[in-house]
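K.L.:
Below: one structure in structure tokens.
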């Protein structure tokens, strides 16, 4: 009989979808095993027969499915206002590029966010965060990028820090100052990039407000040369990088980010084979964002077969934002990734667990159920993982465990 220490907690009578690639079964499924949690981490996974059937801190889950906590590795959670009017314009025929050129798009949200009080931004973001937590999300990336000036970018990152301090969900904050050219720099995008590189990145990094630097390399964002300046600045300071690339056109952004060993290349609808090869060589995760593809009514799909062939890890994220993916649901993103992009259910699950963890640099501690990993997991009223993906309007969450505590 396995000896338990005081304070150990056990989940038994469960189906474990470990998402551990070392296990041969789909989803890393194992039956007749129990999960032992100690001090916020998974201590061990052991046969049921090694443990008592009942006792203090032993939870009988009556055969329910247990998976790692979900990870949303790409969100723009902190913002004010909405862009419903722009969506109506698009329904009437206007393009995303046209709306952006007219001062809409990202800059419309920038104006609303700059004017919004920090406490109001916090309350708005907290409600969104709790919606994701209610779906089983235990690790969440939050980007800045709706300030486009030092003071407001810092304000957004402070909100992310305040959310993290609640200890309800892990937050991975990202500086996305190179999101768009603000109105005051409309005729001088290079000057704005200088501000980002010489002021925003070093000052906000020194304050410990973010974990990685992101950028938008696109015709409506920044060109390759401007993007590389951002990457060079970040890497000189030892900051991990990532990029929004190849969403609306092929500029070579994925190759660029991969040359700097980027954590991830996100969107990637127009990614070509050279870009896929570069991502493999750079250890860069491909992050699929089907919500934006759907909402913008795009037709160019990411090259999923190429990503498989080159064995590039593929993550899936909500891309929750007010302009192009107003979907605060990772379950929906998983379903969309399967229906629109052709992922299997198992690939979608890997995309919101172990591959999403890799996209945030957390692959050694998050995204799998195995010894020494964080005890972040979800108990579902389901028998098979596909059930969560299949019916996104229904939330079968039974219990969410964060750092070993039922939350």
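Glycine residues also receive a Cβ, built from the backbone N, Cα and C atoms like all the rest.
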K.L.:
Say Swiss-Prot lists 321, 323 as binding N-formimidoyl-L-glutamate: which of 122, 146, 185 is in the same site, per that record?
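P.N.:
Checking 122, 146, 185 against Swiss-Prot: the N-formimidoyl-L-glutamate site match is 146.
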K.L.:
The 4-imidazolone-5-propanoate site in Swiss-Prot lists 83, 146, 247, 324. Which one of 41, 179, 366 belongs there according to the record?
P.N.:
179
K.L.:
Would you list, in sequence order, the residues of this chain other than 74, 76, 244, 319 that have their CB within 8 A of the centroid of the site's CB atoms, where the site is the one recorded for Zn(2+)?
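P.N.:
Neighbours within 8 Å of the Cβ centroid, excluding 74, 76, 244, 319: 75, 143, 266, 267, 289, 292, 317, 320, 321, 325.
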K.L.:
Measuring Cα to Cα, how many angstrom lie between residue 244 (Zn(2+) binding site) and residue 179 (4-imidazolone-5-propanoate binding site)?
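P.N.:
One finds 9 Å between the Cα atoms of these residues.
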K.L.:
Given the binding-site residues 247, 321, 324, and counting only Cβ atoms in the protein chains shown, which has the most within 10 Å of its Cβ?
P.N.:
247
K.L.:
For residue 83 (4-imidazolone-5-propanoate binding site), identify the closest of the binding-site residues 74, 76, 319, 321, 323, judging by Cα separation.
P.N.:
323
K.L.:
May I ask for the distance between residue 247 (4-imidazolone-5-propanoate binding site) and residue 319 (Zn(2+) binding site), taken between their Cα atoms and rounded to an integer number of Å?
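P.N.:
Cα-Cα distance, residue 247 (4-imidazolone-5-propanoate binding site) to residue 319 (Zn(2+) binding site): 13 Å.
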K.L.:
Taking the Cα atoms as reference points, how far is residue 324 (4-imidazolone-5-propanoate binding site) from residue 74 (Zn(2+) binding site) in Å?
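P.N.:
About 13 Å separate the Cα atoms of these two residues.
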K.L.:
Tell me the Cβ contacts of residue 323 (N-formimidoyl-L-glutamate binding site) under 8 Å, same chain only and six or more apart in sequence, or just say none.
P.N.:
83, 86, 105, 106, 108, 109
